[in-house]
Amino acid sequence: MSKLQPARGTRDIYGEDARRFQKVIDTFTAVGTSYGFESISTPIFEFTEVFKRPLGETSDVVSKEMYTFEDRGGEEVTLRPELTASICRSFISNGMMQNLPCRFMSWGPAFRYERPQKGRYRQFHQIDAELIGPAEPEADVDVIAMAYRILVTLGFADRVKLNLNTLGDSESREAYRQELVTYFTAYKDQLSEDSQRRLETNPLRILDSKDEADQKLVVDAPRFSDSLNEASVDFFNRVQAGLTAAGVPFDVNERLVRGLDYYCHTAFEFITESLGAQGTVLAGGRYDGLIAQLGGQPTAGIGWAGGIERLAMMLDETPHAPRPVVMVPMGEAATVKAISVAEKLRDAGFTVTSDRSGNMKKRMNRANKAHASFGIIIGDNELENHVAMVKNLDEGTQEEVAFDQIADFIKRANS
Ligand code: ATP
Ligand code: MG
């Protein structure tokens, strides 16, 4: 190993990246709170079954992308490839059935063994929202409107598009499945190997195939809308009417099927053209079957996940770190005094750092480099007179200010 590097597909997040990251998380948390969502945090690994069962053995995630291993005790565990299944597991484990509806928001790392490229990593991070309990279409509207508000707050109103589709109820999906099997069976030998397998296991997934030959056949495949029963059509109409009422623009895209097995009714994706190949920034849908599949009481649910890396990349500007006030004590006694003055300034809401080494010139250079707003210089003379020399680093001016007046002085100067 010539140079110590992070493992393939992982990266360190610091400096500007970290500030962009934090902006996404802060916006997510603030908007989520305004919709009544509360934080939940689940372990980053689970028994493999938690993901295998709901996502489906044949999904790309389970068949190719999971980090699964046996731990030292012989348990088979998996680093979470997504948050939804973990949160639903937690809902069941903790008997939250009594507290419906549950509005959960969560963020953190997820892991998928993929070919790393820009916007695609092996350890990436998601913001995630889940609304568990409500079965009515207006609940779908709430969580989509929340996602939209996050994207708008981040400044992406003109750069994201919402694609919306319905996967219907189970009766409609079964009817459509039959249609697809009939259609694709006639062209079986033209399908990719993967899709020939999908024809047996989950023909809906063929619509999602990235293979060229498959895509040609998909163009003329039967349309889902022709297989929807009345209840499913009604559900979809109410979602659309609600989105319009919420002021959320959308396009119906009949080809949108989500990659995971547990979805029904509403499926949606916010896509962008500003990220090249990795165009999906946030996606989700309704998963009424998921909690029962995990072994819980049948419970409706709807949610979404967004990729923090992709959202952070889209930000127009890197947020600034707050400008610090820098304590510059000269001498031992002043250094102790500066500690208490700094705490008082933090009480008053300022960001305060201390620079205790080197001569005055070096310290002032560092303060300017840190984009500090003020330097608070305390030497023996100042100590004697109970004042500090407060230096306005933008103006280049300085003034003696009594220790207990510094906060007010800076506030006035800033206003
Ligand atoms: P894609 O089609 O890009 O593979 P996906 O359908 O696998 O996305 P989801 O499972 O819906 O993605 O995950 C939700 C969001 O998480 C995606 O929209 C994307 O922003 C982000 N995401 C998924 N996989 C990765 C990854 N490997 N690296 C970075 N972000 C990711
Ligand atoms: Mg993927």
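Our numbering is plain: 1 for the first residue shown, then up by one each step along the chain.
Cβ coordinates are placed from backbone N, Cα and C, and glycine is handled just like the others.
Since the structure is predicted, the reported quantities are computational estimates derived from the model, not experimental observations.
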R112, R115, R149: which one does TrEMBL list with E82, L83, T84, Q126, E130, R258, Y262, Y263 for the L-histidine site?
R112
As a check: which entries in T84, R258, Y263, the binding-site residues, place their Cβ less than 6 Å from an atom of ligand 1?
none
Secondary-structure category, per DSSP, in which R258 (L-histidine binding site) falls:
coil
Within 10 Å of the Cβ of Y263 (L-histidine binding site), how many other Cβ atoms can you find? Include all protein chains, please.
23
